[in-house]
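Colleague: Next up is a structure, given as structure tokens.
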Amino acid sequence: MPSGFQQIGSEDGEPPQQRVTGTLVLAVFSAVLGSLQFGYNIGVINAPQKVIEQSYNETWLGRQGPEGPSSIPPGTLTTLWALSVAIFSVGGMISSFLIGIISQWLGRKRAMLVNNVLAVLGGSLMGLANAAASYEMLILGRFLIGAYSGLTSGLVPMYVGEIAPTHLRGALGTLNQLAIVIGILIAQVLGLESLLGTASLWPLLLGLTVLPALLQLVLLPFCPESPRYLYIIQNLEGPARKSLKRLTGWADVSGVLAELKDEKRKLERERPLSLLQLLGSRTHRQPLIIAVVLQLSQQLSGINAVFYYSTSIFETAGVGQPAYATIGAGVVNTVFTLVSVLLVERAGRRTLHLLGLAGMCGCAILMTVALLLLERVPAMSYVSIVAIFGFVAFFEIGPGPIPWFIVAELFSQGPRPAAMAVAGFSNWTSNFIIGMGFQYVAEAMGPYVFLLFAVLLLGFFIFTFLRVPETRGRTFDQISAAFHRTPSLLEQEVKPSTELEYLGPDEND
């Protein structure tokens with residue numbers, strides 16, 4: 001029998017589809033406000049780069065006193081700026097280790113509520129940094145908002161995945177990525193010089209991140225806790241029943257609870273795993289490797305190099321209005337995330353991920369060719385725009401949304417929090433490497449920098465083709481049980497796997 005309230009067998013063997021209730025909509029919307037902040041703080045640092053660097057220089061001059069001040073050395077300015085960008089990822093790396101602990105201790109909903117303290121503190125520090133003439137405050141604020149985003153990157157997919165019906169789990173899981181890209185787009189638009197990207201208003205631009213945090217603080221108390229957490233982890237049948245009634249809109253949820261009881265009995269043989277226990281578990285080795293590689297495929301694809309440095313990339317490519325081209329990329333980003341929302345339950349996770357990786361690889365090669373020929377063929381600047389827009393579009397078809405929620409699908413309730421922590425750490429570590437190192441690698445490799453990403457994308461495509469299963473339409477229990485019945489990834493003969501052969505139809509289907 002399928003586990004969880006997501007899929008419930010009917011008398012004729014066909015599972016009825018749970019309707020979308022107002023409570024479910026409110027809960028998902030409230031949760032993904034955190035993802036909106038995550039995206040906003042990825043994109044907000046890009047457009048005002050020059051005015052923030054000017055502020056850094058003014059602070060540097062002011063600290064030297066009136067006698068013989070000299071401008072900040074270019075190397076020091078580059079390091080300060082790279083740190084301002086990349087410290088966001090350091091915060092995410094550190095906090096991602098706490099996802100499992102906090103989500104088990106406080107619960108999914110309360111953990112998201114408490115997490116907003118970091119968002120308010122980080123946003124306040126960034127907003128007041130210029131008035132205090134302190135680039136250290138801005139860097140600390142970026143660190144705190146990164147720590148907030150690190151927790152969000154695990155808590156939101158976990159919560160949404162546990163409250164979503166099976167037939168909508170992919171689409172609702174993709175809303176996490178949609179909120180991220182909308183946040184990026186909002187930051188890019190507000191960062192224009194005609195709006196908040198000015199020498200006097202950039203602190204307001206960075207500080208606005210406190211607004212969605214405050215809205216989430218208002219809305220989340222009206223949302224139910226995950227019934228899976230309440231019943232399976234906390235053994236609270238009454239609150240779990242109440243939560244299920246609100247989420248499903250059904251007066252009788254006894255069938256759902258029966259399935260949760262069945263899953264709980266199975267999980268009593270599989271206690272919640274600590275991080276070290278998960279890393280040492282042969283049973284979970286295969287899904288863990290898949291989860292980590294999928295996270296690496298997202299970050300090492302080069303997408304955040306485009307988000308962090310898109311304006312300077314367009315300038316290098318000879319685009320006349322790079323800020324507007326960057327916003328164009330943000331619009332493409334949002335539109336194709338919506339496409340992914342519509343396709344993920346039809347085409348499946350694996351197919352979309354493969355399509356996205358292949359398309360990004362082709363666009364990275366096209367971008368390299370355009371940059372190489374730019375001096376001889378000025379029209380190549382338009383080709384570079386098409387290449388970056390295509391790069392972003394294919395990212396949002398697959399590598400953008402798929403890795404986050406597929407990790408939650410690959411693990412049962414016991415190891416899921418620890419698995420989200422490992423996946424989050426992998427994602428944030430690679431994010432930090434790109435954020436800190438891309439500027440230096442781009443200077444060293446010149447037009448060939450995107451060729452490096454093309455090679456990585458090809459490697460991730462091959463891994464996905466050979467090893468990543470299709471999870472569409474499967475319950476958490478089915479997917480987890482399938483991995484328990486197969487040998488470790490390291491012990492298997494390498495062969496293409498369009499769908500795990502042991503993920504056959506449930507006998508009640």
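Keep in mind that glycine also has a Cβ here, set from the backbone N, Cα and C atoms.
Quick paste of what Swiss-Prot says about this protein:
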{"type": "BINDING", "residues": "Gln177, Gln298, Gln299, Asn304, Asn333, Glu396, Trp404", "note": "D-glucose binding site"}
{"type": "CARBOHYD", "residues": "Asn57", "note": "N-linked glycosylation site"}
{"type": "LIPID", "residues": "Cys223", "note": "S-palmitoyl cysteine"}
{"type": "MOD_RES", "residues": "Ser10", "note": "phosphoserine"}
{"type": "MOD_RES", "residues": "Ser274", "note": "phosphoserine"}
{"type": "MOD_RES", "residues": "Thr486", "note": "phosphothreonine"}
{"type": "MOD_RES", "residues": "Ser488", "note": "phosphoserine"}
{"type": "REGION", "residues": "7-13", "note": "region 'Interaction with SRFBP1'"}
{"type": "TOPO_DOM", "residues": "1-24", "note": "topological domain 'Cytoplasmic'"}
{"type": "TOPO_DOM", "residues": "46-81", "note": "topological domain 'Extracellular'"}
{"type": "TOPO_DOM", "residues": "103-111", "note": "topological domain 'Cytoplasmic'"}
{"type": "TOPO_DOM", "residues": "133-142", "note": "topological domain 'Extracellular'"}
{"type": "TOPO_DOM", "residues": "164-171", "note": "topological domain 'Cytoplasmic'"}
{"type": "TOPO_DOM", "residues": "193-201", "note": "topological domain 'Extracellular'"}
{"type": "TOPO_DOM", "residues": "223-287", "note": "topological domain 'Cytoplasmic'"}
{"type": "TOPO_DOM", "residues": "309-323", "note": "topological domain 'Extracellular'"}
{"type": "TOPO_DOM", "residues": "345-353", "note": "topological domain 'Cytoplasmic'"}
{"type": "TOPO_DOM", "residues": "375-384", "note": "topological domain 'Extracellular'"}
{"type": "TOPO_DOM", "residues": "406-417", "note": "topological domain 'Cytoplasmic'"}
{"type": "TOPO_DOM", "residues": "439-445", "note": "topological domain 'Extracellular'"}
{"type": "TOPO_DOM", "residues": "467-509", "note": "topological domain 'Cytoplasmic'"}
{"type": "TRANSMEM", "residues": "25-45", "note": "transmembrane segment"}
{"type": "TRANSMEM", "residues": "82-102", "note": "transmembrane segment"}
{"type": "TRANSMEM", "residues": "112-132", "note": "transmembrane segment"}
{"type": "TRANSMEM", "residues": "143-163", "note": "transmembrane segment"}
{"type": "TRANSMEM", "residues": "172-192", "note": "transmembrane segment"}
{"type": "TRANSMEM", "residues": "202-222", "note": "transmembrane segment"}
{"type": "TRANSMEM", "residues": "288-308", "note": "transmembrane segment"}
{"type": "TRANSMEM", "residues": "324-344", "note": "transmembrane segment"}
{"type": "TRANSMEM", "residues": "354-374", "note": "transmembrane segment"}
{"type": "TRANSMEM", "residues": "385-405", "note": "transmembrane segment"}
{"type": "TRANSMEM", "residues": "418-438", "note": "transmembrane segment"}
{"type": "TRANSMEM", "residues": "446-466", "note": "transmembrane segment"}
Colleague: With contact taken as 3 or more Cβ pairs under 8 angstroms (pairs 6 or more apart in sequence), are the transmembrane segment (418-438) and the transmembrane segment (354-374) in contact?
Modeller: no
Colleague: Hey, would you say the transmembrane segment (324-344) packs against the transmembrane segment (385-405), going by three or more CB pairs under 8 A that are 6+ residues apart?
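Modeller: The answer is yes, given that the two segments have at least 3 Cβ pairs within the 8 Å cut-off.
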Colleague: Cβ pairs under 8 Å with the transmembrane segment (25-45): which stretch of 112-132, 202-222, 354-374, 446-466 has the most?
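Modeller: By the under-8 Å Cβ criterion, the transmembrane segment (25-45) pairs most with 202-222.
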Colleague: Residue list, the transmembrane segment (172-192) vs rest of chain: Cβ under 8 Å, 6 or more residues beyond ends.
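Modeller: Those are 28, 32-33, 35-44, 46-48, 156-157, 160-161, 164, 205, 208, 307, 323-324, 326-327, 330-331, 333-334, 337-338, 340-341, 344, 396, 400-401, 404-405, 408, in sequence order.
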Colleague: So how many of the residues in the topological domain 'Extracellular' (375-384) end up helix, strand or coil by DSSP?
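Modeller: Taking the topological domain 'Extracellular' (375-384) as a whole: 5 helix, 0 strand, 5 coil.
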Colleague: Other residues with Cβ within 8 Å of the Cβ centroid of Gln177, Gln298, Gln299, Asn304, Asn333, Glu396, Trp404 at the D-glucose site?
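Modeller: In sequence order, the nearby non-listed residues are Ile180, Val181, Ile303, Phe395, Pro399, Gly400, Pro401, Pro403.
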Colleague: Relative to the Cβ of Cys223 (S-palmitoyl cysteine), which residues of the same chain, six or more apart in sequence, are found under 8 Å away?
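Modeller: Thr23, Leu26, Ala27, Ser30, Ala31, Lys109 - these are the non-local Cβ neighbours of Cys223 (S-palmitoyl cysteine), listed in sequence order.
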Colleague: For each of Asn57, Gln298, Gln299, Asn304, Asn333, count the other CB atoms within 10 A of its CB; which of these recorded positions has the top count?
Modeller: Asn333
Colleague: Residues sitting near the transmembrane segment (82-102): Cβ under 8 Å, six or more positions beyond its termini, same chain?
Modeller: 41-42, 45, 52, 111, 114-115, 118, 135, 138-139, 142-151, 153-155, 158, 274-275, 308, 417-418, 420-421, 424-425, 427-429, 431-432, 435-436, 439-440
